[in-house]
Structures are given as C-alpha cells and as structure tokens.
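Engineer: Sharing the record's features from TrEMBL:
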type	residues	note
TRANSMEM	B:12-31	transmembrane segment
DOMAIN	B:94-300	domain 'ABC transmembrane type-1'
TRANSMEM	B:100-122	transmembrane segment
TRANSMEM	B:129-153	transmembrane segment
TRANSMEM	B:173-195	transmembrane segment
TRANSMEM	B:235-257	transmembrane segment
TRANSMEM	B:277-303	transmembrane segment
Amino acid sequence: MTTPPQSGREPDTHVPAEALMTRFEAPDPDSTETGPKNGRRKNGSTGQFKEIWRRYKRNKLAVVGLALVIFLMVLAILQPWITPFDPMEQNPINSRNPPSARHWFGTDILGRDMFSGIVYGTRLAMIVGWSVMILSLVVGLALGAIAGFRGKATDSIIMRITDIVLAFPALIGAILVVQIFGNGIPQVIIALVILSWPTAARLMRGSTLSLRESEYVEAARSIGASDTRIVTRHILPNAIGPTLIYSFSHIGVAIVAMASLAFLGIGVPADIPEWGTMIAKAVPSLNVEGEAHMWMFPSLAIVITTLAFAFVADGLRDSIDPKLR
Amino acid sequence: MAKFITRRLAHAVLVIIAATFLIYLGLFTLGDPFASSGEKTVPPEIQEALRAKFGMDQPFFMQYLTYLQNMFTFDFGIDFEQRRDVADMLATAVPATARLALFAIIIEVIIGLTAGIIAAVAPYTFRDVFITIITTLGIGIPVFVIGIGLRAWLSGEWIFPAVPRSFTVETPWWQEIILPALTLAILDAAFIARLMRGSMLEVLRADFIRTARAKGISERKVIGKHAFRNSIIPVVTYTGVSLGVLLGGALITERIFEYQGLGYLLVRAISQHNNPVIVPIVVFAVVVFVLLSTLVDILYAYLDPRIRLH
C-alpha cells in the first residue's frame, strides 16, 4: 500500500501541508531564502540548530507551547516535592469537597486531594508520552530505514506488517493489546508503541527511498562506505525530519490515548490517580451541583497538555522543514 | 482502473485475514478465558468441561477454522456471562451505531465544509483567524472531555434526555442521538474545516480559477462550482476513513452517554472478559475500517487518475 491516500488512522500525516497551518500571520518571506533541503547550511550542525530555533521562535503559539511543555516537565519531575498530600491517600470523611485553601482543587470521591492527583497524573502522562515517542521513533526509524534501504522482500515483509497493524482502528487496537498483556502502565506503553511505530516506519521508508538513489549516497558508496555507515551517517540525518515531526506530534496523541483507555477502565489500574481515571470517577457527579471540580480540573489538565504539545509540534513542523508548510 | 481495483481489494482481503488471525490468536490463545481471574475461581475440572463445551480443547488451527466458518455464517455463539445469543445482541447494537455514525458524519461534513470555505474565501482576516482558533481547539480537546462537558451541561435540559436514562420515560431515538452525534462530530468537523481551507486556498491560486474569473463568472459560481469541486477530494477521503472508524463503534462517546451501540457493548464485554462478544465486534470494526479505507483509495484513484500510476 504505497498509494498516497494511506488508510489514514493518523490523519495529520498526509494532510496537505497548507491545512496544518496554525500560524496566524501572513506567510513569512524568509521561507524562500532557506536554501538547501532541510535548511542545511554549510557551516555544520550548530548552524542548523540555530536556524531551526530562529524559525521556531517566530511562531508565538509554538513558544507558548514550549513554555507549557517545560512547565509540565518540571511539574512531573518535581512531583514528590510539589504535592501537598499523598496522591493515593484516601480520606472518606472528606470526600467530594469543593476547592478550598487546604485542597486547592477539592477532593475526589475517595477523599483524595485532587491537586496532588493531577500533579501525579502529569508525571504519568509525561512518562507515557515521552516513552511512547522515543520507543516508536527508534523502532520506526530502524525498520523504516531497513525497509527503504534493503528493498525487495525485507521491504514487503515490513510494509505488510505495518498494513496489518494499521488495519485496527487505534483505540480498538490498543484495547486488544492491553487485553493480551494485562493491566499496567508498562503494558499501556507497549500497546501504544505497537500501534504507532508503523506510521513512523512508513515515513522513514519514504524518505529513505527518495535518498537511496541520490548522488551523495552513490558517492559515499563509491569510496567504499559500508551499508551501515551509509544508513546511519548519510541517510538518517537527512531523512529523519518528517518522522521526528510525526513522533513529536504523537506525544499528545499517546497521552490522550492513555487517558481514553483509563477512562474506559482498560489498562490503567483504577486506583492510580491518572487524568482519565479521575474523570471516570467523577461521572456519577456530573450533574450534581458543587461537584463540577471533580471532572473540570482533570479535563483542563488534559486539554492544556494536548494543546501545548500540538503547538510545539506545529512549530517544529514549520521550523525543521519549511517546505512542508 | 480495473487492475487497480482488483489489486486493492485483494490487498484488503489479505489484511483482513491476517488481522482476524491475530485477533483470534491474541484473545483465545494468549488469554485463557476460562482461567481463574481475581475473585472468580474456576475449578480445574470445570475449566476442562467448559473448554470441551466451547470446542477449545481442539488443536489451534481447527479452532481457528471453526471460528472463521462461524464468522461467515454469522454464528457468533453465546456470551460467557448471560448465555445470550451474541448475534441477537449485535442485531440491535449495529443499527444503533450505524445511525449514530451517519448522524455524526452529516453534522461534521456540513459544519466542516461551511467553516472551511468561509475561512478560505477570506484568508488571514478576522473570520479566518477565528475559525482557525476554533478548529485548533476542536482538534486539541480530546473526545471524552467534549463528551463529559456536553453531558454535564446539557443532558437533562431542554430536549436532551438525562443520562443515565430513566427506564420509565420513553425517549425518541433522535433525541437520544443528538448529544453523542455532536460529540463525535466536533473533532472531525474541525479537521474537515482545516482540510477544506487548505485545499481550497491551493485551488483558488490555480490558473483555471483566474480564467473563470476573467471570463466574468460570478464569484459565487467560481467558489461554489469551480473551486469547490476541485478542492473537495481530501475531504471525501477523510470522511470515508472517519466513517470507517465510527461504524466500528464509538467506544468513549457511547460509554459517556450510555448509548446502546457496539462501543458500549464492547467496553462492557471487555470488563467481563467476555470473548465471544469482543471478537465479533473487533472483527466487524476491522473489516468495516479496512473496506472503507480501500473504497476511499479506489474513489480517490477515480477522482484523481494520477494516483493509479503508482
């Protein structure tokens, strides 16, 4: 299945670049002067990163997103010192309390402090989001590069595997994997990696295919460079862009996927304070006066997180590969 | 074209066969449905009897073949919990989900196309920026947050039935369907609006639009006929795939609004480890999804002949 309209479970990967534009300003004049592919300059990689950063910070929304992501990361790392209460500690006498000076975000149905729970949930979300991103990126890059570079049987086997994985609607696929491996955060991470590497692999394969026949690769081969060297030193740095952008935009998707599973009571143990389980626990109180804090705060946490990662991903897309816009 | 269609269909069939094999392998072999789990303890001799009763003492490939044969004859067996006929359960859930999916698609296409065209006709104006902000939010906010919000604010008010439903009050199906359909439609409507805006902006820059305007055709006709027809292809593709996902059951939305469709059934079956219910729903979801994606590919090739060359 190499035709452009790939059955799109990850719609954002094959949308016309125009449609993904969230920048509100007029198209910037600089995009035409960036020179060679991927904004590469002769003065090496430091110059390239500087160039990317220069383009990145022009997108105000992306800068806000980056600040939020850094904030969330700090929150996640410092969680044990930030939370005023033990996020697991139950206190049935104080259940469903509205926000107060003692409990900033109120307490949940089991009397646990919601603020501590949400900060703990941030830690979980960051762990799961980043692990899924890094693992699926590594697997996708490796298999995609092998498929694209080797071609022939290796290529078709790897691509047929991606076809089969992509035949499952995302949430249903994740549920199946969790059903097989059992409940737990590591299992959820495995499930999400299994479902997200195929898209990364396809993107990487596409870029590898287009670079394989390029003149500089031929030049490297002619001076006797080994296959491994050609792939890791010559193809990978130039082909990684689209895959990296996909993987980054997938962090938010992975966080939402975990919260969705947790909301349905699948995969994430119910006693762990996770945003999805917190919202699920608040469902009976949805129409009860004075208990809205139980679903509003975790919902807000998810929305802020997904928007922050989406803004950063958009900014990266614009700055890493201006041609994609 | 015929060759392209045959190739895509053959591919779809192979993918479906491989996927059903994996589903069977995963659910019936790796996870033993009769093993003791949690509070439920099953004595070994009863486990044996159950395995014999459900034919699971047979060799793996025999089991798999029986399962395939039963799928084709719509014989899904009986569920593990209440011993009901699974085919009967599906017979009420499939139409409910299909109704919900169609409703959601209609809403999202109408809203998405309108918003996309409005934004594309006057790019970088206030209207465009406003629509871009709304679509960013629509795509960024997860479905279950939207669903929970709608349920908290609207259910029980005006024409929207209260959730959980009271069994003494009869609600017409169209009242029951509005909130879940709206929940499902919001994300896709935002996406369609973006797609439409992007592809229309591109088409509006094309030479034939300039020619049409130069000929003196009214702006209404230029947008509504020339530009619209040429920019709709990505939306058709996206809508087809999205329909394929929705028909497989909207797990979260149906759960939130306690809408008795495939997704609701599936989530409940999973919490009960009720494999005879899980398997046909997942197989159905995969088959519908693959077939619709294939159909979309074929349609795309028909609308844009350049694709067939690849």
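Any Cβ shown, glycine's included, is placed from N, Cα and C.
Have a look at these and tell me how they're positioned relative to everything else.
Structural biologist: For the transmembrane segment (B:12-31), the list of distant contacts is 56, 60, 63-64, 67-68, 71, 273, 275, 278-279, 282-283, 286-287, 290-291, 293-294: same-chain residues at least six beyond its ends, Cβ to Cβ under 8 Å.
Under 8 Å from some Cβ of the transmembrane segment (B:100-122) lie the Cβ atoms of residues 128, 131-132, 134-135, 177, 180-182, 184-186, 188-198, 200-201, 204, 223, 228, 231-232, 235, 239, 242-243, 246-247, 250, 253-254, 259, 261, all in the same chain and six or more residues away from its ends.
Counting only same-chain residues 6+ beyond the ends of the transmembrane segment (B:129-153), those with a CB under 8 A from a CB of the stretch are 115-116, 118-119, 163, 179-180, 182-184, 186-187, 189-191, 193-194, 197, 252-253, 256-257.
Here the transmembrane segment (B:173-195) has Cβ contacts under 8 Å with residues 99-101, 103-105, 107-109, 111-113, 115-116, 119, 131, 134-139, 141, 143, 146-147, 150-151, 154-155, 159-161, 165, 234-235, 238-239, 242, 246, 250, 253-254, 256-257, 259 of the same chain, all six or more residues outside its ends.
Using a Cβ-Cβ cut-off under 8 Å and counting only residues 6 or more beyond its ends in the same chain, the transmembrane segment (B:235-257) has close neighbours at 93, 97-98, 100-101, 104-105, 108-109, 112-113, 116, 143-144, 147-148, 151, 155, 163, 176, 179-180, 183-184, 188, 191-192, 195-196, 199, 263-267, 281, 284-286, 288-293, 295-296, 299-300, 303.
With a cut-off of 8 Å between Cβ atoms, the residues of this chain six or more beyond the transmembrane segment (B:277-303) that come close are 1, 4-5, 8-9, 11-12, 15-16, 19-20, 23-24, 27-28, 67, 71, 76, 79, 86, 89-90, 94, 233, 236-237, 240-241, 243-245, 247-249, 262, 265-266, 269-270.
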